[in-house]
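Residues annotated as region 'Disordered' in TrEMBL: 1-36, 478-497. Per TrEMBL, compositional bias 'Polar residues' is recorded for 1-31. As annotated by TrEMBL, domain 'CDC20/Fizzy WD40' applies to 182-471. According to TrEMBL, the repeat 'WD' annotation covers 227-268, 310-351, 440-473.
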Amino acid sequence: MDDPTTPSTTNQSALRSSSGLNLPSTMSKTPLSLEPVTPSTHIERMISVGYQPSPSRTIYSDRFIPSRTGSNFALFDISPLANSPAEGREDGSGAYATLLRTALFGPDAGVCSPGTPDKLMRLDGKNSSVYPSSRNIFRYKTETRQSMHSLSPFGFEDALPGVSHGPVKAARKVPRSPYKVLDAPALQDDFYLNLVDWSAHNVLAVGLGNCVYLWNACSSKVTKLCDLGMDVSVCSVGWAQRGTHLAVGTSNGKLQIWDASRCKRVRTMEGHRLRIGALAWSSSMLSSGSRDKTILQRDIRAQDDFVNKLAGHKSEVCGLKWSYDNRELASGGNDNRLFVWNQHSTQPVLKYCEHTAAVKAIAWSPHLHGLLASGGGTADRCIRFWNTTTNSHLSCMDTGSQVCNLVWSKNVNELVSTHGYSQNQIIVWRYPTMSKLATLTGHTYRVLYLAISPDGQTIVTGAGDETLRFWNVFPSPKSQNTDSEIGASSLGRTQIR
């Protein structure tokens, strides 16, 4: 049904054709005028036709103009327009932006800042005549090629407490040649013996044939401690943890205790039937391992030759080491077994059978309680790590050659291994990654003997080539560049007897 107030269709068509405009059907038939229309006239006409805009109606357009009132123009030194409502408002992030800009682009970053293609704005807000293409914000600058620690927006003087901004230290360099070489005639080429040890008083004991010699590392003085005679040879030497007493294991199964300060034998202890190739001290307790497959626990304060006999190995005992807390004794044998004993046990409390060759190399970590390292012989070639607290096998590293000795650094979490067949090398490892810090060569025979200086910086190695070689491999407790006090100035090759 048509609305009676609506004009007829004929009249509307005539109106549209006469005016040439496509008008809405709701508009009045008032004749059009070409006179200029002022805003007030337009409003009056809108009112006259009864048009009322809805307050809830949203007006849309085909353009989106974002609001830039919240933009941080100060970050790249672009000042807002003069009529911007943000003009004159203090930017709280300006100080940080200045520090960040200086750290990233250098101290002269404020000479020219990025702007529009028409003009640039300087830090003082004035127009600059320099075009953007001539001052690229990402231009190459030699002064920006700096280490990452210098990119911090905070100066070193204002560094946060507990946060280090120093440069990354370069990898420590280990000298590849020994600083001293001693001739050691008659040093035996026998994998199962332990003929070199370094005392807490900086004296090196070496078993040569049937004699024991002492070399004072401070004075380079050589002293002959004992001569066992033609029929008896030295199979092992071991210094007490404190004091000047030296234990000497012999080929006839007897154990001698010597006071090195007086060059006097204070005691001879029996109990083994065959040679004694391994010794280990724990305070006043001395453990000895023999080819007769047994380990004897001896208290040098007691009258008896031994207080306990430990049986478990099925072949010669060639490795012995007490833990740093003197609670656990690790033993290795030619039966490819690694055992752990406690202070009172006569049977091993832990048994490890993963090695496939003789276990002579044994070392307890001074940094982590219960961490034990062991090395296997020619058919094994592996260094294995154990956690004796949890009775677990931690890791294994195939070294490629017979592992003869292991010793852990007291100053850093590193260890050194000496090797025999077939490379005769010395390797410094970083634990736990087991990355090689250095591989040292020079011995022409198996590196069967190893000892570490009391300051923990220097090792001495011995081989069947009848030489002792001294190497600086570990840093000092205070500085990695401190020279060892054991006579690094006395270079060259001398003779120990």
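Quick reminder: no glycine exception, Cβ is built from N, Cα and C everywhere.
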Query - Within-chain partners of the repeat 'WD' (440-473) [C-beta distance under 8 Å, separation at least 6 from its ends] - result: 174-191, 193-202, 204, 206, 217, 402, 404-407, 409-411, 416, 418-421, 423-428, 482-486, 488, 496
Query raised in the report: Mean pLDDT for the repeat 'WD' (310-351), as a whole number?
Result: 96
Query raised in the report: Going by DSSP, how much of the repeat 'WD' (227-268) is helix, how much is strand and how much is coil, in residues?
Result: 0 helix, 23 strand, 19 coil
Report summary line: Summed over the repeat 'WD' (310-351), the DSSP helix, strand and coil counts are 0 helix, 21 strand, 21 coil
Query raised in the report: How many of the residues that make up the repeat 'WD' (440-473) does DSSP mark as helix, as strand and as coil?
Result: 0 helix, 19 strand, 15 coil
